[in-house]
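S.K.: Below is the structure I would like to discuss, written out as structure tokens.
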Amino acid sequence: MARFVENPLNFVDIPDSDDEIEVQNSATMESDDRRLETRSFWKAGAFEIGPTKWDPSQGELEHARVHPKFLHSNATSHKWAFGAIAELLDNAVDELLTLLHVGLSLYDVVVVDTVYQINNGATFVKVDRIYCKRDNSPALLFLDDGGGMDPEGIRKCMSLGYSTKKTNNTIGQYGNGFKTSTMRLGADVIVFSCASRNGRATRSIGLLSYTFLRKTGQDDVIVPMIDFDASKHWAEPIVYTSLDDWSANLKTILEWSPFASKDDLMQQFEDIGSHGTKIIIYNLWLNDEGIYELNCDEDDEDMKLRDEAARLSKVSKKAAETQTHISYRILHSLRAYASILYLRKFKKFKIILRGKVVEQYSIADDLKHREVVTYRPQAATMKEAGVETTLGFIKEAPALGVTGFNVYHKNRLIRPYWKVTGDGNSKGYGIVGVLEANFIEPAHDKQDFERSSLFSRLEMKLKQMQMEYWKHHCHLIGHRPDPGLVRKMQKASTMPLHAEGERVNQTSAGIAANPRLDYSGSQVGSHGRTIYDNDTPTIRQAPPGFETGFDQEVEYGDGSRDIDQICDENIQLFMRCEEYMQKENELKTTVEDLEKQVAETKRKCAELYSRLELLRRQKATR
């Protein structure tokens, strides 16, 4: 946990005025030794740890310390910068989620004065690039109008592993996102927060500086902080120990932050208002070529990952056309990534990127031939609830081979365009799915899920969904229909199929607009659709015709079965085997419990028998 000390460097000389502080800081800021030896994030943790001072002060208990190097190693959980930015956006969204406690809808929030007094839910978060006044270096700005943090709240925010988010609806839960995300984007961050609690208005400033900790040789994470009481018309320092300690913290902040005077610090509160939080990340990391990771010069309304954009610029013309799809643009465009970051659209909340509102994009709404599939995971917390997955072809299919499932957790995108089938398999190209999987836990960086049995079963189910959807819909985009399905339809219906090459009207295929399939055994659907009964598909009625295409059928033996049919059967057999293994484990557990009960019963019987024998002997001796 970060250590908040009132006099972190044991300063003795306290400047008499802000002007004196500014003069001292200007000279220090201009010196080269203020910056780290390397500005590349992946190399910033490569330094030797010096001698550590373990002598506790009188009356102080020994405690485990957090070395500054941990700040860097902890931030390596973010493999890319956009994941770190998403963490900071989540904090503002979680402010909105607090409105659920007063019974208001998350996506139709009516912000009234009474609600604001209780929750102060954020209505916007701004993300922009700014320039530090001191040395004109670029910095990242995050500003929201949420409830803000009081002095206690900002200290919890700066601590490691401390989270005040207790509800099941909030995205954050580990109390680590702020530290990992800010340290992933830059070496230093300063936080300004305005809050009003119990009739008291406060202004708080906190500095988490990797540069300061490194350059001053600290062996513990020290976070200088100062607070002001703004309940009156002026801001008064909130002093916890002594004014000298408060001034020492102020001096440290001014020396190692982009602001040279106390007036510059106080000016930062003006655009926050009565409540909200401003985060400024500076000394931004560079890539291996010595250029800033984030490119803000190419597009005035976007931020782009420089290395990824450079890689995409070298691809062929045909590949470049493919990479205009959003599944590729999210890899290098923050605006594209933020547009699909949240599953449901907000009505009273905005993400403002570089002065322009990010338009939320619904992946499911842009699919054609959509279908909803219900999956009931075998989770203890979700015995009755079903997870709905929307599947469909992208509008560019079959020209583009984009495929994959977009898996959300508590409305937040975790895995975009997750390919559950191998790259060498063309079956399923163009199929995209969207689902919200709250029954599995995301990893700490919220870019993947924890590997568990539930996750493995979900992966197999999604693969099965994709194969089944392809089997019944591939003809709608010009592919040859599944041969096995055609043969089953020929047996189930006396209606002859059209000859190969004859084109039919796709709208006459008898396919409902949004049929619903259920993989749990319940029979729901519509006329002419596949209805699942205990994971076994049965055909009720065949569509009257198909459109032939360019997929070639590969047959084995007498031609009665093809590779795709065998693969589908193997998938179903594997899933049945997994279910049997699970049942076997459950039976083994039951047997073990019964054996323990039998052993306990035998022990009690033996004890009773011994007592009876003792009573008989006592009676016989009388």
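One is the number of the first residue shown, and numbering goes on along the chain from there.
Every residue gets a Cβ built from N, Cα and C, even glycine.
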S.K.: For the annotation coiled coil in TrEMBL, which listed range does it cover: 409-450, 493-534, 577-618?
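M.R.: That would be 577-618, per the coiled coil entry in TrEMBL.
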S.K.: Which sequence positions outside the coiled coil (577-618), separated from its termini by at least 6 residues, show Cβ-Cβ distances below 8 Å to it?
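M.R.: Result: 378, 457, 460.
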S.K.: Grab the pLDDT values for the domain 'Morc S5' (332-470) and give me their mean, rounded.
M.R.: 91
S.K.: Counting each residue once, how many in the domain 'Morc S5' (332-470) are helix, strand and coil under DSSP?
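M.R.: When I sort the residues of the domain 'Morc S5' (332-470) into the three classes, I find 27 helix, 46 strand, 66 coil.
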